[in-house]
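J.: A single structure is presented below for examination.
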């Protein structure tokens, strides 16, 4: 890139950092990892919710470690994530601009949803940038570097295996499907053996074969045999434009072989908290990079099609940005800090991170005993929690104890336990009316027609020594007393 292009790319990355820091709060799942980074920095243990024992609910290992290092020098986790993402965004632009106009790349990033997930604190841009370097090393036939890059990708996030597998297989079977001893040794030396050592270490350290989220995600609904309908839709946003464009390409076989494993994998997974279609970001940027030597028309068609198909997701994520600073849970969680109680939560990020309580996650993403079986009322009774916070769809609640894993069954069991133990139930609005300038501007040009809000259930143990302190905090955040006559709209929304 020229000096002017470099300056513009740095300005774009800098604006991304500043706007994110000023207008956005990190997302729920991003903050889960911050809780692990914070605990690692403060205690040297990879754990969650002041439990004290090793827990692997954060799967982005190197992302967690990198953020914890920033914590050690006094930089908070969200700021650290934005700093790393902004640098990665610059490197990503630089990689894509080798055969593309800078303006085209910046427009492509702005009109699609993928970079916005990084603004919420996720590692999507960093992961995509590492993946593009792996592609670059493969195309340049720098195979040692490629293997080390794939190792970095796998240590960064376990699904790096999915993105790296195609490149390793293409490398191994490049010569008409005949294995080369020399090539096999390269893969063993620089990827398989060190990756295997890490896998054995994490098995020993966490005493689990796989990270806890993998046990959770395998229980998702598969409407189409092995595939999830919602995940197929998310993948298709990039896969369909890719197939249309590469049908006119001489390199279509290579592009299909490189992308087929990730396409199949993510189509079969439950892509929860897929803000901005973040799990598919490496596919979007990877295909754009693989189209480098194609004509500009093909790249334009690809980006236009992806932007059209992802318009609903982009609109939704921009709305999330606008309302981010209105979320009640940030101030509420910080006000709980200092009470030092025991809490059970269905949403396991911000309440754990900002309150600094001892926290159990009822869904099992960060609590091993609930990752392989559905939480039962007896578990809740034995937990002796001061506060239970649940996001539930009240129209889906059943009357009897449930065994099969589902979000609504989890809520059923929690509410049965709460009522049996006579916890005092409050409803707390998810959004407040005080937000960022973006929110105020939207309210000015498009005032809401109804006064509706999502409400989460906060249930206080009446026998807790901390009862009054907790109740005071909830009332400060517009809590109302729960009663069975309330008419919920959509299961979790009340309109007044």
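Backbone N, Cα and C atoms are what each Cβ position is placed from, and that goes for glycine too.
Features from TrEMBL:
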- 61-91: transmembrane segment (TRANSMEM)
- 103-133: transmembrane segment (TRANSMEM)
- 145-171: transmembrane segment (TRANSMEM)
- 183-204: transmembrane segment (TRANSMEM)
- 224-246: transmembrane segment (TRANSMEM)
- 253-269: transmembrane segment (TRANSMEM)
- 275-291: transmembrane segment (TRANSMEM)
- 300-318: transmembrane segment (TRANSMEM)
J.: So which of 61-91, 145-171, 224-246, 253-269, 300-318 has the most C-beta pairs under 8 Å when paired with the transmembrane segment (103-133)?
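T.: Selected stretch: 61-91, with the most Cβ pairs under 8 Å.
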J.: Any chance the transmembrane segment (253-269) and the transmembrane segment (145-171) are in contact, meaning at least three CB pairs closer than 8 A with a sequence separation of 6+?
T.: yes
J.: Which range wins on Cβ pairs under 8 Å with the transmembrane segment (224-246): 61-91, 145-171, 300-318?
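T.: If we count Cβ pairs closer than 8 Å to the transmembrane segment (224-246), 300-318 scores highest.
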J.: For the transmembrane segment (145-171), could you work out the same-chain residues 6 or more beyond its ends whose Cβ comes under 8 Å from its Cβ atoms?
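T.: Hits for the transmembrane segment (145-171): 59-63, 123, 126-127, 130-131, 133-135, 137-138, 183, 186-187, 189-191, 194-195, 198, 211, 214, 254, 257-262, 265-266, 279, 282, 286.
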